[in-house]
Amino acid sequence: MPRAFLVVMDSVGIGGAPEADQFFNGDVPDTGANTLGHIIKACADGLAEEGRSGPLRIPNLMQLGMGQALALAVGDDVPSSETSGAWGAATEVSRGKDTPSGHWELAGLPVPWDWHYFPDTRPAFPKELSALVAKAAGTDGILGNCHASGTQIIEELGQRHLETGWPICYTSADSVFQIAAHEESFGLDRLLSLCEAIAPRLHEMKVGRVIARPFIGSEGKFERTSHRKDFAIPLPAPVLTDWVQRAGGHVYAVGKIGDIFSMQGIDEVVKGSDAELMKRLGHLIDTAVDSSLTFANFVEFDSLYGHRRDVSGYARHLEWFDAQIGPMINALRHDDVMLITADHGNDPTWIGTDHTRERVPVLVAGTAPQKLGLIGFKDVAALIAAHLMVDANPSS
Ligand SMILES: O=P(O)(O)O[C@H]1O[C@H](CO)[C@@H](O)[C@H]1O
Ligand SMILES: [Mn+2]
Ligand SMILES: [Mn+2]
């Protein structure tokens, strides 16, 4: 019986998005942003030498057709070398370049509304919202109230947070309301309850996610922990995970997939670092039941390297991922497919610290070599549904 493994390399875009000029980092449009393309170039130019060196080595992804997908996405001549899988480049239609928009559309549901974004002003949040958050936190106010990078804002405001007890609230070019608070002095459970309590109000405003961003340490040494939790807006319709579940299949979530889909259509979830998740994926390739879907997200490309504009780190993580995924592809059963894709871009050579609007690769291992060509994000859901022989629209 067939099984499917859908693996999202979070933010590994390949450029070429037709509407990139309508998405921005600060005042600069995303036109020309190309996460993988620019990393390959930086490596070849000797500009990504920290903890690695030389040209980017991702032979397993290249064998599946990553080079072809990259050329197709940006309109270059496509290399004629043989691939071992099917490959294509996917274009998003949702009006967002964030994780929920990308994942929902990959799962068959383009986002049917415009997200609410907070302006890049100080304050960034309306008075009533700041008051609501302070009241829910039991504090006299909030800190931050601006667009920020999460690692920079805890450096800046961590000490004041310890002194005042006020939560640090910030946003980005994404439709997010993020709260950073110290795990020990503020309390992790208190932070999670605060995010959960205010999430319905933010969701009503069409803010995609409230994100808890716990950290530890003391002045000059603040550090985020892996206890991040996203409270995402509920999905307005069934998606791939529901289709599989309704057809009697088991759905395993690996990483933040459970949060992104608010556990919709998901039977079990495991979270952890990318290294832990990779082990879990390997285990599921050995043990996942027939007719199941394993849906995995590897977030560290985005959270540790893309937003931090760390080109060497991003290249190291790509090389690590490639080396790990090779043996897993070889371990697939004859009737499995593994589809490797991404949810948006986050070009580490680009200005700013936000995502970049890009096309994404679609690489399919376990199927005959073929060109999928330029497809849509939601074709990914259709490909998986067809492989698992489940109805892609069971309610109609
Ligand atoms: O800078 P940090 O806190 O990592 O935040 C980033 O992570 C958020 C969610 O993926 C994005 O919206 C971006 O703001
Ligand atoms: Mn993402
Ligand atoms: Mn991100």
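Heads up, the Cβ atoms here are built off N, Cα and C, so glycines get one too.
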Given that TrEMBL annotates D302, H307 as binding Mn(2+) 2, state which candidate in H250, H334, H355 belongs to that site as well. H355
Kindly assign D10 (Mn(2+) 1 binding site) to one of the three DSSP-derived states: helix, strand or coil. coil
I need the nearest neighbour of D10 (Mn(2+) 1 binding site) among the binding-site residues D302, H307, H355, using C-alpha distances. D302
In whole Å, how far is H355 (Mn(2+) 2 binding site) from H344 (Mn(2+) 1 binding site) when you measure between their Cα atoms? 7
Return the residues near D343 (Mn(2+) 1 binding site), defined as same-chain residues 6+ apart in sequence whose C-beta is under 8 angstroms from its C-beta, sorted by sequence, else 'none'. V8, D10, S11, T99, S101, G102, H103, L106, N297, V360
Structural state census, the region 'Disordered' (81-101) (DSSP three-state): 3 helix, 6 strand, 12 coil
